[in-house]
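Below is one structure, written out as structure tokens; comments come after it.
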Amino acid sequence: MYSFFVLASLLGGALASPVLGLRECTRGSAVWCQNVKTAADCGAVQHCLQTVWSKPTVKSLPCDICKDVITAAGNLLKDNATEQEILMYLERTCDWLPKPNMSASCKEIVDSYLPVILDMIKGQMSHPGEVCSALNLCESLQKHLAELNHQKQLESNQIPELDMAEVVAPFMANIPFLLYPQDGSHSKPQPKKANGNVCQDCIQLVTDVQEALRTNSTFVEALVDHAKEECDRLGPGMSDMCKNYINQYSEVAIQMVMHMQPKEICVLAGFCDEVKEMPMKTLVPAEVVSENVIPALGLVEPIKKDPAPAKADIYCEVCEFVVKEVAKLIDNNRTEEEILHALDKVCSKLPTSLAEQCQEVVDTYGSSILSILLDEASPELVCSMLHLCSSRGLPAATVRVMPRKDGGFCEVCKKLVGYLDRNLEKNSTKEQILAALEKGCSFLPDQYRKQCDQFVTEYEPVLIEILVEVMDPSFVCLKIGACPAAHKPLLGAEKCVWGPSYWCQNMESAALCNAVEHCRRHVWN
């Protein structure tokens, strides 16, 4: 039953392209061999079987299911089963599809192309994979590797596995049918969507099933036994194959049911409408929102409020996990853009119960975590800097020591001003800059802190005055004398002291005053 369900579902999508005209058929194998429908319309079925569909394929569950179904269908033909009997099996499977338009499309395809499919089965009984490639249920290995080639270098010749979550989803979608078999007429109307009570009934049913799975071990056995009884409805041959798949995948399906939301399962089953917009996150107190939205507040005293210990510990653990993942990506020489893109998938490695908190940390602090680590900060200190972990009991920081450059305070000046530039908002007041300066040195690696404190003590007055106007590290440190001047003197230096109103009036002035980066980040954006 499951095999035919998956086969019919994928068949409907694979063969849903429009009928080709004569003009399209002149374009060669790339058009002919898309699927059974295009090959039949262009009279190229045998050509595609011999030259395209016989190539190696990616190992995947849909491909394996298809091969078993085609083999079983071939055995039924050997046993003198009629085409009408096979058609009946496929049409019955089409009736199980959750949406009326999918069911109708599935039946139309089966009715129109059954002779072609049966001819292929008869001629390729020893090679069912070729038939499955024609049905687009087995993917070409060459095509798959070509798509991966632009993302990463192929490291081995092992055939890649596909995502198990995608292929097991149809099994979970059929759970309500297993508990309450649908034996009525195929022409009965489909259940109403979420605007009636059916959606809520489905959610309640799945909720009860999940609760029973958690608390009653015998319920799991009864559920699996009931599913195997349903296999007997398929008749000889198919029944054994159906039970074999239940033995292999029932445990995986049950685990996924346990970790999915009831509404998600009911959407897959077609009893609830899919929600198009993104779900709203849980609202949090206003002061926590402001602290999360502006990472710069990491430099200010935290609000005197004792958060719930359990919640604080969770965010601390999640932050430490994200920091470790980012550190691994940095060690692998990934670019900043690649790291930020990879962060979107980091939370999928955590249990579902932590995924929401993880996504909050990534969305709010992802860029700050990356910036702090790129400034050579110790990974153990990052979450404390962001006030997500307590600083008590931290181990001695192990930092990657960077070679110092000539120029006195030049290196530490650039690091400090660069950190302030990333974390202070535009038009910050002198008081905000002073507060940030007083604490800024504690955010730098150990080897820079002592020198940073000395630098702030010596340059604080002039530093605050210029930081009110500009925070470009190279310009500021050169202007206050912390970094040595270039070999060629700056042209037009008198005009450059006029500030951003002169620097950013055009690209020529910005380049003349070494303020291009400042203008891009603070004025021209």
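Yeah, the Cβs are placed from backbone N, Cα and C, and that goes for glycine too.
Features as listed in Swiss-Prot:
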SIGNAL    1-16  signal peptide
DOMAIN    18-58  domain 'Saposin A-type 1'
DOMAIN    59-142  domain 'Saposin B-type 1'
DISULFID  C63-C138  disulfide bond
DISULFID  C66-C132  disulfide bond
CARBOHYD  N80  N-linked glycosylation site
DISULFID  C94-C106  disulfide bond
CARBOHYD  N101  N-linked glycosylation site
DOMAIN    195-276  domain 'Saposin B-type 2'
DISULFID  C199-C272  disulfide bond
DISULFID  C202-C266  disulfide bond
CARBOHYD  N216  N-linked glycosylation site
DISULFID  C231-C242  disulfide bond
DOMAIN    312-393  domain 'Saposin B-type 3'
DISULFID  C316-C389  disulfide bond
DISULFID  C319-C383  disulfide bond
CARBOHYD  N333  N-linked glycosylation site
DISULFID  C347-C358  disulfide bond
DOMAIN    406-487  domain 'Saposin B-type 4'
DISULFID  C410-C483  disulfide bond
DISULFID  C413-C477  disulfide bond
CARBOHYD  N427  N-linked glycosylation site
DISULFID  C441-C452  disulfide bond
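Overlay of Swiss-Prot feature records on the structure.
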residue: N101; record: N-linked glycosylation site; Cβ within 10 Å: 9
residue: C199; record: disulfide bond; Cβ within 10 Å: 19
residue: C231; record: disulfide bond; Cβ within 10 Å: 20
residue: C266; record: disulfide bond; Cβ within 10 Å: 25
residue: C319; record: disulfide bond; Cβ within 10 Å: 23
residue: C389; record: disulfide bond; Cβ within 10 Å: 22
residue: C413; record: disulfide bond; Cβ within 10 Å: 26
residue: C452; record: disulfide bond; Cβ within 10 Å: 23
residue: C477; record: disulfide bond; Cβ within 10 Å: 27
residue: C483; record: disulfide bond; Cβ within 10 Å: 22
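Closest by Cα distance to C477 (disulfide bond), from the recorded positions N101, C199, C266, C319, N427, is N427. Scored by C-beta pairs under 8 angstroms, the domain 'Saposin B-type 3' (312-393) has its highest count with 406-487, from the stretches 18-58, 195-276, 406-487. Comparing the Cα of C266 (disulfide bond) with the Cα of every entry in C316, C389, C441, these being the disulfide-bonded residues, the smallest distance points to C316. Packing against the domain 'Saposin A-type 1' (18-58) from elsewhere in the chain are residues 109, 113, 116-117, 119-120, 123-124, 127, 129-136, 138-142, 144, 159-160, 162: each is 6 or more residues past its ends and has a CB under 8 Å from a CB in it. Spacing of N80 (N-linked glycosylation site) relative to C413 (disulfide bond) is 86 Å (Cα to Cα, whole number). Neighbour counts were taken as the number of other C-beta atoms within 10 angstroms of each residue's C-beta; across the disulfide-bonded residues C138, C242, C410, the minimum falls on C410. Here the disulfide-bonded residues are C63, C132, C316, C347, C358, and the one ringed by the most other CB atoms within 10 angstroms is C132. Relative to C389 (disulfide bond), the disulfide-bonded residues with Cα atoms inside 10 Å are C319, C383, the candidates having been C319, C383, C441. The glycosylation sites N80, N216 differ in how many other CB atoms lie within 10 Å of their CB, and the one with the most is N216. Computed over the domain 'Saposin B-type 2' (195-276), the whole-number mean pLDDT of the model equals 81. Look at the domain 'Saposin B-type 4' (406-487): DSSP puts its residues at 57 helix, 0 strand, 25 coil. Closest to C138 (disulfide bond) in space, going by CA atoms and restricting to the disulfide-bonded residues C231, C272, C347, C358, is C231. Among the disulfide-bonded residues C63, C231, C358, C441, C452, the ones whose Cα sits within 10 Å of the Cα of C319 (disulfide bond) are C358. Sequence-distant neighbours of C441 (disulfide bond) (same chain, 6+ residues apart, CB-CB distance under 8 A): L416, Y448, R449, C452, D453, V456. Looking only at Cα atoms, C383 (disulfide bond) sits nearest to C316 among the recorded positions N216, C231, C316, N427. Mapped onto three states, the DSSP output places N80 (N-linked glycosylation site) in coil.
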